[in-house]
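> My structure is below; once you've seen it, I'll send some questions.
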Amino acid sequence: MSRPPPTGKMPGAPEAAPGDGAGAGRQRKLEALIRDPRSPINVESLLDGLNSLVLDLDFPALRKNKNIDNFLNRYEKIVKKIRGLQMKAEDYDVVKVIGRGAFGEVQLVRHKASQKVYAMKLLSKFEMIKRSDSAFFWEERDIMAFANSPWVVQLFCAFQDDRYLYMVMEYMPGGDLVNLMSNYDVPEKWAKFYTAEVVLALDAIHSMGLIHRDVKPDNMLLDKHGHLKLADFGTCMKMDETGMVHCDTAVGTPDYISPEVLKSQGGDGYYGRECDWWSVGVFLFEMLVGDTPFYADSLVGTYSKIMDHKNSLCFPEDTEISKHAKNLICAFLTDREVRLGRNGVEEIKQHPFFKNDQWNWDNIRETAAPVVPELSSDIDSSNFDDIEDDKGDVETFPIPKAFVGNQLPFIGFTYFRENLLLSDSPPCRENDAIQTRKSEESQEIQKKLYALEEHLSSEVQAKEELEQKCKSINTRLEKTAKELEEEITLRKSVESTLRQLEREKALLQHKNAEYQRKADHEADKKRNLENDVNSLKDQLEDLKKRNQSSQISTEKVNQLQKQLDEANALLRTESDTAARLRKTQAESSKQIQQLESNNRDLQDKNCLLETAKLKLEKEFINLQSALESERRDRTHGSEIINDLQGRISGLEEDLKTGKALLAKVELEKRQLQEKLTDLEKEKSNMEIDMTYQLKVIQQSLEQEEAEHKTTKARLADKNKIYESIEEAKSEAMKEMEKKLLEERSLKQKVENLLLEAEKRCSILDCDLKQSQQKLNELLKQKDVLNEDVRNLTLKIEQETQKRCLMQNDLKMQTQQVNTLKMSEKQIKQENNHLMEMKMNLEKQNTELRKERQDADGQMKELQDQLEAEQYFSTLYKTQVRELKEENEEKTKLCKELQQKKQDLQDERDSLAAQLEITLTKADSEQLARSIAEEQYSDLEKEKIMKELEIKEMMARHKQELTEKDTTIASLEETNRTLTSDVANLANEKEELNNKLKDSQEQLSKLKDEEMSAAAIKAQFEKQLLNERTLKTQAVNKLAEIMNRKEPVKRGSDTDVRRKEKENRKLHMELKSEREKLTQQMIKYQKELNEMQAQIAEESQIRIELQMTLDSKDSDIEQLRSQLQALHIGMDSSSIGSGPGDAEPDDGFPESRLEGWLSLPVRNNTKKFGWVKKYVIVSSKKILFYDSEQDKEQSNPYMVLDIDKLFHVRPVTQTDVYRADAKEIPRIFQILYANEGESKKEPEFPVEPVGEKSNYICHKGHEFIPTLYHFPTNCEACMKPLWHMFKPPPALECRRCHIKCHKDHMDKKEEIIAPCKVYYDISSAKNLLLLANSTEEQQKWVSRLVKKIPKKPPAPDPFARSSPRTSMKIQQNQSIRRPSRQLAPNKPS
């Protein structure tokens, strides 16, 4: 029987070590995990874990546990030591705080050891745990650490202590794009550049499988070269396989958030990378326009505009935006299904907006940025806002009574870009000493090889540098040659233009002289004519005196009148010609001046060009000499380089042979090692097999021998008993013998096999010995090769030394050769100089020849000019003769004109009479004007006097109030004076009312006139339509006549001609009618425009009068209250009561409230600005004044009717999320009717309220779905309605601004109260006001709430709006955005 092979090892076999085999592989894997910086159990994570455990357990309450105490006793000291050795905040000097947020701040720091500047971000662990979100920073850390992209801000290291997380990042001194947009008006060229860089940066983030979700200018930083990098990756989210993201909360900044992300707050948040392209569209719009496209003062307004983006997106008319830019913005700000970029970044890159000649998508980062920041030092932080010091107490974790684990969420945060831990330890340790020695030797050889290669590369670099120098010199020479050629061509062109200009100048001078002569001649003629006219007039006067009695002279007078008319006509023609000549003379003189200035400029340019040419020639000569010297140096250097290259090539060949030998040795070594291992395995296998077989055979033999012995004993005992049976069993005995023989043969075979195995083992031992010998030989060879390498390195070093010596010798020899062969070189240089001089002289000779030819040409031109001048002189002489003849003729004419004196005399009399009439009219107008001015000044004086009287009266009133106990008589006098003043003021009020009525009547008249003009316009339009119909009918008739087929026999040429004449007549009539119609249209349009302007002026005057009347009313009201107070004071003084009982506890009279409040001004899209106004609340009006002077002058900025007030309430952070958090307790809001406002016209339009399509109607409310990231409570259940990162779905009414959970609406709960606001939201406006303190705010709100009418009045269709313009108005006054309605005041 055969047994199965044993499973265990042989008792005599050696046991393997625990680190060998599979165990070593596992250890290597574990070590790789510890070394990997991305692994969650790397060295830094393990140290963080130990550190955080000690920090979380080191509390008195926890130390009571024995196990915790033992753990702390064991690890506390070593952890403290680790903390001391790790990086900490004390390793950096803080330069400045450059940013602050909800979780911490960003500091500009300098590393103490390296003196490098970084930006260090501090995140408070307490704040992150408190706000139940400590995971957002992981994405930011991982992206900045492992991105390795030029578009992402790099993280150098991250560490932590018990309070803060620290991220040391690269410092971006250019600041963010918000700062750039606030300092510059960004042109489209810049916007194109920065948008392209943002696109590439987002593509880098998307290629990492992430979506940013908070793309805005605040997160776009500029480096020292002005190029853009993205930052703040806390909102990033990993995409799934389809490139989409599942998220149930809206993440991002309100102005830049996309509609699909807003919709995610309902629970169906499924969107992709296209949400980032939406933000890019908003960013581009903001750069070009200066404002975000969906701006609103409240979150609700912003979100509603984003959801209704198809209607709310519009481009302002006052800013110029190209078609491509508008197209790109519209392509980004659209639904995600059709948004640009949904199919990849390539479709964005192909958009025509990005086409330009300066950069492309591949080299944009290498090109110069539009704005490169001007930095004074490496710590220049001028592009960041100054941050105030945070004086608040730093909150920390409370001491726990049980294990909390506050430090556990931050394990693994520590990171170092250049991690030195475990850097020197080898990747795998082997137990074999030979292999470690070999690896060390191979490392040494590799180091030497690296050194040799570095030496070689340095030599190659030196060679390349020399070649580059030569190339640069050659390029410079070529450039200078080209510049010289260009200068020569320029000079030639300038000279030619000079010649042309000189010719033109000469011609113009000639023309000018001619025109001057003609003008002088005409002036002489005019003078003569005027003298003649005067003489004729004198004669006329004489004749008039003589012939006053006679009536016969009328015919002569008529004749003279005709002659005088003719003379006047001649005079006019002469004066016209004289004026024309003067104009032509002036124009020619201007042309001459321009030509002279051009000539001077060209001469200056010529001089500059000549100087530049000389400089260039000098530079050319210097460069040629430098080139020759460089060529010599180059040839010399090339010889040295060739020698060195030869030596280097030899050394390289030696190195190659050495490397080849090393490689062969290593290969043989590996092969022998493999053979050895194979033989050892075979040997061990054979030994095991042989021992097993021997054991089996021995066992079988022993069994057989035992059986044989027993059978023999049995046979011997039974021989005597069974003698008769021996014969029968002889055959069995024979068989047994046969079996014995077979067993013996098997035993011999096994012994033979054993002998063969022993022989094989001996052979293998021999082979092993031989291989060991070979290995030793190879090791010796390796040692020899190492020695050869060392010798080679020594040789290389010797060669380098020799090379240095050779170079020194060469320098010495070159110096000697230079000194010895100076004469030869000088001769050669002189020869070269002479050759160059020869060349230059030849060039100069050719140039002089050219100049001579040019001079000859100029001489010819001058001769031509001289001939022309001679010709002109002859012409002038002939013209002078002709002029003399003309003069003689005109003298004859003058003599004839003298006979026509009487007509001229009559005309002069009539003209004199007309002049007297006009003079009298002018005098009367001037008198009227002076009277009006005097009246105006008198009125102003009266106004000033009245104001002064009121002031004096007030002063007297105050004095009398103080001295009321002394004299009751004085009080009575003041009472009388006050009553008289009140009467005067009442009269003034009546006058103003009368004026107002007059203005209203005038307005109604103007409206009637406008209506009549409109009716006339309608009539003319009807006439125009009739004319057009008649025209079309006539054209159709003509077409019929033209297309009508008539028989040839009937027709004749006369009929055709007659019809053509009729047609022409009709056309002429049509043209004349059209001209008349257009003239009438223009006339009536002008009249209409004038009427509209008059109406506008009248309405402005009316509003001004109304506002002054309101202010006067408030003054009268105040005076009446003071009078009442005086009467009460007089009564009380008679009874014996003390003064000042009339006022309430708050210090203001019950009927009057006044003080300083601030109105919002929108300086930018990020924050509110405020402007102070003096506000007075009377019983009927709220008056706003720019200053106290305006108050005294009764010039209010704005007036609100108290009857039109709807609501007054304090605001929350969600209502004014752009305002500073410190200002919110001091802000309150007024809601009022649109028609209840009188105000100076703002410089921007008030936006209309959106449609009701996106609102949920319930109990009179108009709810808008929204989210609250700021502290807010539900007004239905009073539970929190906000969360920093995952806020619950909420609703806000756009009418009363009540806020509640969306679940109340979905579950149809009756908790929500009905809407309290009953007014029409489209006719309502709101106004934010800032008080000086919270107490004042409460006082203003409480007092104004009392004045609100219980039922607001219906809006007046004919109520006044306020188109009055004034330069005093503040720009961007924030009484805008009617969509931002605030909630009603909560019950106090």
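Placed from the backbone N, Cα and C atoms, the Cβ positions cover glycine too.
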> Which of K80, K81, K121 does Swiss-Prot put in the same ATP site as I98, G99, R100, G101, A102, F103, G104, E105, V106?
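Among K80, K81, K121, only K121 appears alongside I98, G99, R100, G101, A102, F103, G104, E105, V106 as ATP-binding in Swiss-Prot.
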> For the candidates S629, S999, S1374, I need the one that Swiss-Prot annotates as phosphoserine.
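Going through S629, S999, S1374 one by one, Swiss-Prot flags S1374 as phosphoserine.
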> If Swiss-Prot marks one of S553, S1052, S1137, S1361 as phosphoserine, which residue does it mark?
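Among S553, S1052, S1137, S1361, the one Swiss-Prot marks as phosphoserine is S1137.
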> State the residue range annotated as region 'Interaction with NPM1' by Swiss-Prot; the candidates are 373-420, 901-948, 1141-1188.
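Among 373-420, 901-948, 1141-1188, the range Swiss-Prot annotates as region 'Interaction with NPM1' is 373-420.
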> Suppose you had to name the range Swiss-Prot annotates as zinc finger; which of 140-195, 196-251, 252-307, 1260-1315 would you pick?
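It is 1260-1315 that Swiss-Prot describes as zinc finger.
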> Looking at 1-26, 833-858, which one is region 'Disordered' according to Swiss-Prot?
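Checking Swiss-Prot against the ranges 1-26, 833-858, the region 'Disordered' one is 1-26.
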> Looking only at residues six or more beyond either end of the compositional bias 'Basic and acidic residues' (512-530), which have a C-beta under 8 A from one in the stretch?
567, 570-571, 574-575, 577-578, 581-582, 584-585, 588-589, 592, 872, 876, 883, 887, 890-891, 894
> How many other Cβ atoms sit within 10 Å of the Cβ of D214 (active site, proton acceptor)?
19
> For the domain 'AGC-kinase C-terminal' (357-425), give the DSSP counts of helix residues, strand residues and coil residues.
3 helix, 2 strand, 64 coil
> If I take every residue in the domain 'AGC-kinase C-terminal' (357-425) and average their pLDDT values, what number comes out?
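That region's mean pLDDT is 84.
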> For the compositional bias 'Basic and acidic residues' (512-530), give the DSSP counts of helix residues, strand residues and coil residues.
19 helix, 0 strand, 0 coil
